[in-house]
């Protein structure tokens, strides 16, 4: 995408976000996505997208391989999310006419050079799939399941296959050069108009033969001739990939009327997996976490009520001195921690993350971020993250002022640049690796510039505005006074060791999300659709409750053992769930993925490190805010002489 177009897009998106009234949503779809009606013989433009592989995770442009090209290649306008996903949508030489079946249509004859043959073999070896789009519907390959009388669909068709000739042990590479397309349409009962509701393909490898001289327009193939009732139904005589050989690309297209209505045409794509196990696992996980949360809440309420009643009934100073527990550290519990600046920055960033996820998920649950709007989810997350800078600045400066800080501009700069800077640095290094592989997944410099513009032009100023507003407000007062001399912390039992409690604290929040995490990782790395945002939203709510409760419980035990250094520990307790997330990502890599290339492995662990870091900031902030509320509540509930 050219730089001016990219910048215009970013400016327009932000303008619309602020001023455009939202039209009413319809079904699954983003408002504004309207159906296209086609009459008989209307042209249907097939577009090609990137080549993808679950073995390398490196997308490539369709025309990086020696496929047939149209006279002029036209790039489709792409949004920010599509560019970041590596989508490269272009026109193709495949042009259909609505409800006009065609057989054995010749696309072109291509001569394969040594370099092209090598590239084709590499792509077939790595199991690359070709992705196409018709009327915004991705191309799928129907596959009959042997265990059930059902058909599942896989996105895109394989470039080719490896195989052996009968009686030979040598492995050869065969290209899928004949495509049998099937376009499903729903016809309007009252008119001749039709809407496309399905786009399927069956790929074949055919060593095409022809008689006489080659003529693009009039050549008749002896291997595929509808006049002689010769149609392609198998790959018994496949087209081998060999340097110097010519490959003839052909296709058939058929049309089939369907009962599926336009509003439900995405159901096929969204129900690709066996969702019964998915529902059962999530419900099971939610029930366990809800049960644990109920138990924790009950214990906490009963114990605290008893403690507060007992402390408030103490009449003499001697009785108070004999008391042990969390009341004794009231003079130190609100003492500012070491590295309080860094804590303020991380809490501010966590608030920004929380706001972004909450707003994005609400939009997704309402159906605004359907997969039919390619790149919409990523675009929405980026824009909402940028706008949430206001809350990041506000939260960090409010906490900073509570810690008696005075340099609000310093804390604002750290909030605006620490996490985004680290994330951008990791992203830049990974992008350089993708550039080195000449993949279309590499983000162009124009898009990089647009991201930096969003960061410096909108996010940073909003962080400053939020910080200024937060610092202008009166400081949050502690419910009890802080002693001038810090109290000595008694020796702690082994089970109250900070490292032990922090690591234990992360297990429950991770347990709340790990089932859902499996499906999210599958959608990202195995290129499947994910659209169960309702359940994801429930899991998010459970995660918030779990992080808050586990942090409060461990904070309470810590204060009971007269250790008042709870600030950082409350953040790290729930934040440690990110360690388990990263470990699970490693387990998923070795058990579910077939990645063999070093660069692909680095990309996987690089992106999962970034995701785990973000998860640490989010869960840590939830735990910290819960503990801050908890400590203020309990210390304001007891009488302090």
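Each residue, glycine too, has its Cβ placed from N, Cα and C.
Annotations in TrEMBL come from automatic prediction, not curation.
According to TrEMBL, the features are:
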SIGNAL    1-27  signal peptide
TRANSMEM  279-301  transmembrane segment
TRANSMEM  343-369  transmembrane segment
TRANSMEM  375-395  transmembrane segment
TRANSMEM  416-436  transmembrane segment
TRANSMEM  448-471  transmembrane segment
TRANSMEM  492-525  transmembrane segment
TRANSMEM  531-559  transmembrane segment
TRANSMEM  571-590  transmembrane segment
TRANSMEM  602-630  transmembrane segment
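When each of 375-395, 416-436, 448-471, 571-590, 602-630 is scored by its Cβ pairs under 8 Å to the transmembrane segment (531-559), the top-ranked stretch turns out to be 602-630.
Contact between the transmembrane segment (375-395) and the transmembrane segment (448-471) holds: at least three of their C-beta pairs are under 8 Å, each pair 6 or more apart in sequence. The transmembrane segment (602-630) makes no contact with the transmembrane segment (448-471): fewer than 3 of their CB pairs lie within 8 A, with pairs spaced 6 or more apart in sequence. Contacts between the transmembrane segment (448-471) and the transmembrane segment (571-590): absent, as fewer than 3 C-beta pairs lie under 8 angstroms at sequence separation of six or more.
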